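Marked as substrate binding site by Swiss-Prot on the basis of sequence analysis: Asp28, Ser29, Tyr60, Gly61, Asn93, Thr94, Thr205, His206. Annotation source Swiss-Prot lists active site, proton donor/acceptor at Cys92, Cys204, citing sequence analysis.
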Amino acid sequence: MATKLQDGNTPCLAATPSEPRPTVLVFDSGVGGLSVYDEIRHLLPDLHYIYAFDNVAFPYGEKSEEFIVERVVAIVTAVQERYPLALAVVACNTASTVSLPALREKFDFPVVGVVPAIKPAARLTANGIVGLLATRGTVKRSYTHELIARFANECQIEMLGSAEMVELAEAKLHGEDVSLDALKRILRPWLRMKEPPDTVVLGCTHFPLLQEELLQVLPEGTRLVDSGAAIARRTAWLLEHEAPDAKSADANIAFCMAMTPEAEQLLPVLQRYGFETLEKLAVLG
(Lines of atoms letter the chains of each structure in order from A and count residues from 1; the text may use other names and numbers.)
(Lines give C-alpha, C1' and ligand atoms only; values in the text may rest on other atoms or scores of the structure.)
Protein backbone atom coordinates (compact mmCIF):
# COMPACT_ATOMS: atom_id res chain seq x y z
CA MET A 1 0.00 0.00 0.00
CA ALA A 2 1.34 3.43 -0.92
CA THR A 3 2.48 5.75 1.82
CA LYS A 4 1.67 9.42 1.45
CA LEU A 5 2.92 12.69 2.81
CA GLN A 6 -0.10 14.67 3.94
CA ASP A 7 -0.82 18.34 4.62
CA GLY A 8 -3.20 17.98 7.55
CA ASN A 9 -6.38 18.38 5.50
CA THR A 10 -6.17 15.18 3.48
CA PRO A 11 -7.79 11.99 4.82
CA CYS A 12 -5.28 9.35 5.87
CA LEU A 13 -5.75 7.05 2.89
CA ALA A 14 -2.81 4.89 3.89
CA ALA A 15 -4.32 3.84 7.20
CA THR A 16 -4.76 0.10 7.56
CA PRO A 17 -7.93 -1.04 9.34
CA SER A 18 -7.29 -3.08 12.47
CA GLU A 19 -8.69 -3.74 15.90
CA PRO A 20 -8.89 -0.62 18.09
CA ARG A 21 -5.75 -0.19 20.20
CA PRO A 22 -4.86 2.28 22.97
CA THR A 23 -3.48 5.48 21.45
CA VAL A 24 -0.11 6.62 22.79
CA LEU A 25 1.59 9.87 21.81
CA VAL A 26 5.38 10.10 21.88
CA PHE A 27 6.56 13.70 21.54
CA ASP A 28 9.97 15.33 21.15
CA SER A 29 11.38 18.51 19.70
CA GLY A 30 13.20 16.38 17.13
CA VAL A 31 13.77 12.73 16.25
CA GLY A 32 15.56 11.78 19.47
CA GLY A 33 12.27 10.59 20.95
CA LEU A 34 12.35 7.71 18.48
CA SER A 35 14.90 6.07 20.80
CA VAL A 36 12.32 6.13 23.61
CA TYR A 37 9.50 5.08 21.28
CA ASP A 38 11.57 2.10 20.15
CA GLU A 39 11.90 0.88 23.75
CA ILE A 40 8.17 1.29 24.34
CA ARG A 41 7.25 -0.43 21.07
CA HIS A 42 9.57 -3.33 21.92
CA LEU A 43 7.67 -3.88 25.17
CA LEU A 44 4.21 -2.92 23.86
CA PRO A 45 4.06 -3.67 20.13
CA ASP A 46 0.26 -3.69 19.79
CA LEU A 47 -0.58 -0.05 20.48
CA HIS A 48 -1.69 2.78 18.22
CA TYR A 49 1.33 5.08 18.19
CA ILE A 50 1.56 8.74 17.25
CA TYR A 51 4.96 10.39 16.98
CA ALA A 52 5.06 14.20 16.95
CA PHE A 53 8.17 16.33 16.59
CA ASP A 54 8.46 20.11 16.69
CA ASN A 55 10.72 20.86 13.76
CA VAL A 56 9.62 24.52 13.88
CA ALA A 57 11.03 25.25 17.36
CA PHE A 58 13.79 22.59 17.44
CA PRO A 59 16.01 22.47 19.44
CA TYR A 60 14.36 23.13 22.80
CA GLY A 61 17.61 23.18 24.77
CA GLU A 62 18.16 26.86 23.99
CA LYS A 63 14.54 28.03 24.49
CA SER A 64 13.01 29.70 27.56
CA GLU A 65 10.99 27.61 30.00
CA GLU A 66 7.86 29.69 29.35
CA PHE A 67 8.12 29.13 25.61
CA ILE A 68 8.61 25.39 26.02
CA VAL A 69 5.62 24.96 28.34
CA GLU A 70 3.26 26.89 26.05
CA ARG A 71 4.54 25.12 22.96
CA VAL A 72 4.32 21.59 24.36
CA VAL A 73 0.83 22.13 25.78
CA ALA A 74 -0.34 23.51 22.42
CA ILE A 75 1.05 20.55 20.48
CA VAL A 76 -0.34 17.88 22.81
CA THR A 77 -3.70 19.68 22.70
CA ALA A 78 -3.68 19.62 18.89
CA VAL A 79 -2.93 15.89 18.82
CA GLN A 80 -5.58 15.15 21.46
CA GLU A 81 -8.17 16.94 19.34
CA ARG A 82 -7.36 14.64 16.42
CA TYR A 83 -6.93 11.41 18.38
CA PRO A 84 -8.16 10.95 21.96
CA LEU A 85 -5.10 9.82 23.90
CA ALA A 86 -4.72 7.02 26.43
CA LEU A 87 -1.26 8.30 27.40
CA ALA A 88 1.42 10.75 26.32
CA VAL A 89 5.18 10.43 26.63
CA VAL A 90 7.23 13.63 26.57
CA ALA A 91 10.37 12.02 25.17
CA CYS A 92 12.50 15.11 25.63
CA ASN A 93 14.53 15.75 28.77
CA THR A 94 14.38 19.52 28.35
CA ALA A 95 10.61 19.61 27.86
CA SER A 96 9.99 17.07 30.63
CA THR A 97 11.82 19.09 33.27
CA VAL A 98 9.57 22.13 32.74
CA SER A 99 6.26 21.11 31.13
CA LEU A 100 4.99 18.04 33.03
CA PRO A 101 3.07 19.96 35.74
CA ALA A 102 1.16 21.99 33.15
CA LEU A 103 0.38 18.92 31.04
CA ARG A 104 -0.82 16.89 34.02
CA GLU A 105 -3.03 19.73 35.16
CA LYS A 106 -4.66 20.15 31.75
CA PHE A 107 -5.19 16.53 30.65
CA ASP A 108 -6.88 13.58 32.35
CA PHE A 109 -4.69 10.93 30.71
CA PRO A 110 -1.29 9.97 32.19
CA VAL A 111 1.73 11.95 31.01
CA VAL A 112 5.14 10.31 31.30
CA GLY A 113 8.31 12.37 31.29
CA VAL A 114 11.95 11.56 30.66
CA VAL A 115 14.59 12.54 33.19
CA PRO A 116 18.33 11.80 33.18
CA ALA A 117 19.09 8.31 34.51
CA ILE A 118 21.17 9.60 37.42
CA LYS A 119 19.89 7.05 39.94
CA PRO A 120 20.81 3.86 38.02
CA ALA A 121 24.13 5.38 36.94
CA ALA A 122 25.07 6.05 40.56
CA ARG A 123 24.41 2.38 41.32
CA LEU A 124 26.42 1.13 38.35
CA THR A 125 29.60 3.19 38.62
CA ALA A 126 32.68 1.39 39.89
CA ASN A 127 35.03 4.37 40.20
CA GLY A 128 32.42 6.76 41.58
CA ILE A 129 32.72 9.12 38.61
CA VAL A 130 29.55 9.59 36.55
CA GLY A 131 29.33 11.67 33.40
CA LEU A 132 26.11 13.47 32.47
CA LEU A 133 25.89 14.20 28.76
CA ALA A 134 22.89 16.42 27.99
CA THR A 135 21.80 19.69 26.44
CA ARG A 136 23.03 22.88 28.06
CA GLY A 137 19.49 23.54 29.25
CA THR A 138 19.25 20.21 31.07
CA VAL A 139 22.70 20.65 32.61
CA LYS A 140 21.77 24.09 33.98
CA ARG A 141 18.27 23.35 35.29
CA SER A 142 17.73 23.05 39.01
CA TYR A 143 15.75 19.83 38.51
CA THR A 144 18.89 18.07 37.28
CA HIS A 145 20.90 19.25 40.27
CA GLU A 146 18.13 18.08 42.59
CA LEU A 147 18.32 14.60 41.02
CA ILE A 148 22.07 14.55 41.59
CA ALA A 149 21.74 15.68 45.20
CA ARG A 150 19.05 13.08 45.86
CA PHE A 151 20.48 10.03 44.12
CA ALA A 152 24.20 10.61 43.49
CA ASN A 153 25.50 12.77 46.29
CA GLU A 154 28.32 10.31 46.95
CA CYS A 155 29.45 10.35 43.31
CA GLN A 156 31.63 12.77 41.42
CA ILE A 157 29.36 14.10 38.65
CA GLU A 158 31.01 15.49 35.52
CA MET A 159 28.51 17.37 33.33
CA LEU A 160 28.82 18.23 29.65
CA GLY A 161 26.17 20.27 27.84
CA SER A 162 26.13 20.04 24.05
CA ALA A 163 23.70 21.31 21.44
CA GLU A 164 26.00 20.08 18.68
CA MET A 165 25.45 16.44 19.61
CA VAL A 166 21.72 16.89 19.09
CA GLU A 167 22.46 18.12 15.57
CA LEU A 168 24.79 15.16 14.97
CA ALA A 169 22.05 12.71 15.97
CA GLU A 170 19.52 14.40 13.69
CA ALA A 171 22.03 14.31 10.83
CA LYS A 172 22.66 10.60 11.40
CA LEU A 173 18.96 9.83 10.98
CA HIS A 174 19.05 11.83 7.76
CA GLY A 175 21.70 9.40 6.52
CA GLU A 176 24.80 11.52 7.16
CA ASP A 177 28.00 10.15 8.67
CA VAL A 178 28.81 11.11 12.26
CA SER A 179 32.19 12.78 12.68
CA LEU A 180 34.18 10.98 15.37
CA ASP A 181 36.50 13.99 15.46
CA ALA A 182 33.52 16.18 16.36
CA LEU A 183 32.59 13.80 19.18
CA LYS A 184 36.18 13.75 20.43
CA ARG A 185 36.16 17.55 20.51
CA ILE A 186 32.87 17.64 22.44
CA LEU A 187 34.07 14.99 24.89
CA ARG A 188 37.59 16.43 25.25
CA PRO A 189 37.09 17.55 28.89
CA TRP A 190 36.44 13.93 29.87
CA LEU A 191 39.02 12.38 27.57
CA ARG A 192 41.71 14.55 29.15
CA MET A 193 40.84 13.48 32.69
CA LYS A 194 43.32 11.25 34.51
CA GLU A 195 40.35 9.15 35.63
CA PRO A 196 37.34 9.77 33.37
CA PRO A 197 33.75 8.72 34.10
CA ASP A 198 33.23 4.97 33.86
CA THR A 199 29.46 5.46 33.54
CA VAL A 200 27.86 8.06 31.28
CA VAL A 201 24.23 9.16 31.50
CA LEU A 202 22.76 9.97 28.09
CA GLY A 203 20.62 12.85 29.34
CA CYS A 204 19.06 13.70 26.00
CA THR A 205 16.86 11.30 24.04
CA HIS A 206 18.85 12.08 20.89
CA PHE A 207 22.04 10.66 22.33
CA PRO A 208 21.18 6.91 22.31
CA LEU A 209 21.08 7.31 18.53
CA LEU A 210 24.84 8.00 18.77
CA GLN A 211 25.63 5.07 21.06
CA GLU A 212 27.76 3.24 18.51
CA GLU A 213 29.91 6.29 17.82
CA LEU A 214 30.18 7.27 21.49
CA LEU A 215 31.52 3.82 22.40
CA GLN A 216 34.23 4.27 19.77
CA VAL A 217 35.36 7.54 21.31
CA LEU A 218 34.96 6.99 25.06
CA PRO A 219 37.43 4.82 27.02
CA GLU A 220 36.93 1.07 26.65
CA GLY A 221 34.48 -0.31 29.19
CA THR A 222 32.50 2.90 29.62
CA ARG A 223 28.85 2.16 30.41
CA LEU A 224 26.14 4.20 28.70
CA VAL A 225 22.87 4.60 30.61
CA ASP A 226 19.59 6.07 29.38
CA SER A 227 15.96 6.14 30.52
CA GLY A 228 14.29 4.36 27.61
CA ALA A 229 13.64 0.94 29.18
CA ALA A 230 12.37 2.47 32.43
CA ILE A 231 9.99 4.73 30.51
CA ALA A 232 8.65 1.71 28.62
CA ARG A 233 7.95 -0.15 31.88
CA ARG A 234 6.25 2.91 33.37
CA THR A 235 4.12 3.29 30.24
CA ALA A 236 2.99 -0.35 30.45
CA TRP A 237 1.99 0.02 34.12
CA LEU A 238 0.03 3.23 33.55
CA LEU A 239 -1.82 1.82 30.54
CA GLU A 240 -2.93 -1.12 32.65
CA HIS A 241 -3.89 0.81 35.78
CA GLU A 242 -4.66 4.47 35.07
CA ALA A 243 -5.18 5.23 31.38
CA PRO A 244 -8.60 6.13 29.93
CA ASP A 245 -10.18 3.92 27.28
CA ALA A 246 -8.96 5.92 24.27
CA LYS A 247 -8.45 3.65 21.27
CA SER A 248 -8.07 3.85 17.51
CA ALA A 249 -7.99 1.33 14.67
CA ASP A 250 -5.95 3.69 12.47
CA ALA A 251 -2.39 3.05 11.37
CA ASN A 252 0.49 4.65 13.24
CA ILE A 253 1.11 8.23 12.15
CA ALA A 254 3.82 10.85 12.59
CA PHE A 255 3.25 14.60 12.82
CA CYS A 256 5.66 17.42 12.10
CA MET A 257 4.91 21.09 12.68
CA ALA A 258 6.10 22.20 9.22
CA MET A 259 6.34 20.09 6.07
CA THR A 260 9.86 21.12 5.11
CA PRO A 261 12.14 19.26 2.69
CA GLU A 262 14.14 18.09 5.71
CA ALA A 263 10.98 16.69 7.31
CA GLU A 264 10.00 14.93 4.10
CA GLN A 265 13.43 13.30 3.98
CA LEU A 266 12.65 11.68 7.33
CA LEU A 267 9.71 9.71 5.94
CA PRO A 268 11.76 6.58 5.09
CA VAL A 269 13.21 6.64 8.62
CA LEU A 270 9.76 7.01 10.16
CA GLN A 271 8.50 4.15 8.00
CA ARG A 272 11.25 1.90 9.38
CA TYR A 273 9.92 2.73 12.83
CA GLY A 274 6.40 1.74 11.78
CA PHE A 275 4.80 5.10 10.90
CA GLU A 276 3.00 4.89 7.57
CA THR A 277 2.40 8.59 7.05
CA LEU A 278 3.92 11.95 7.93
CA GLU A 279 1.49 14.82 8.26
CA LYS A 280 1.70 18.48 9.22
CA LEU A 281 -0.11 19.20 12.50
CA ALA A 282 -2.03 22.45 12.79
CA VAL A 283 -1.11 24.03 16.13
CA LEU A 284 -2.79 27.09 17.63
CA GLY A 285 -0.66 29.74 19.25
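Backbone N, Cα and C define each Cβ position, glycine as well.
Distribution of Swiss-Prot features across the structure.
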{"residue": "Asp28", "record": "substrate binding site", "DSSP (3 states)": "strand"}
{"residue": "Tyr60", "record": "substrate binding site", "DSSP (3 states)": "helix"}
{"residue": "Cys92", "record": "active site, proton donor/acceptor", "DSSP (3 states)": "coil"}
{"residue": "Cys204", "record": "active site, proton donor/acceptor", "DSSP (3 states)": "coil"}
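Rounded to a whole value, the Cα-Cα separation of His206 (substrate binding site) and Cys92 (active site, proton donor/acceptor) is 8 Å.
Within the set Asp28, Ser29, Tyr60, Gly61, Asn93, Thr94, Thr205, His206 that the record links to substrate, no two Cα atoms are more than 12 Å apart, and one pair reaches that distance. Cys204 (active site, proton donor/acceptor) sits 6 Å from Asn93 (substrate binding site), taking the CA atoms of both as reference points. Taking the centroid of the Cβ atoms of Asp28, Ser29, Tyr60, Gly61, Asn93, Thr94, Thr205, His206 as the substrate site, the other same-chain residues with Cβ within 8 Å of it are Gly30, Gly32, Gly33, Pro59, Cys92, Ala95, Thr135, Val166, Cys204. Annotation for Tyr60 (substrate binding site): spatial neighbours Ser29, Asp54, Ile68, Cys92, Thr94, Ala95, Thr135, Gly137, criterion Cβ-Cβ under 8 Å with sequence separation of six or more. Working note on the binding-site residues Ser29, Thr94, Thr205: by count of other C-beta atoms within 10 Å of each C-beta, Thr205 ranks first.
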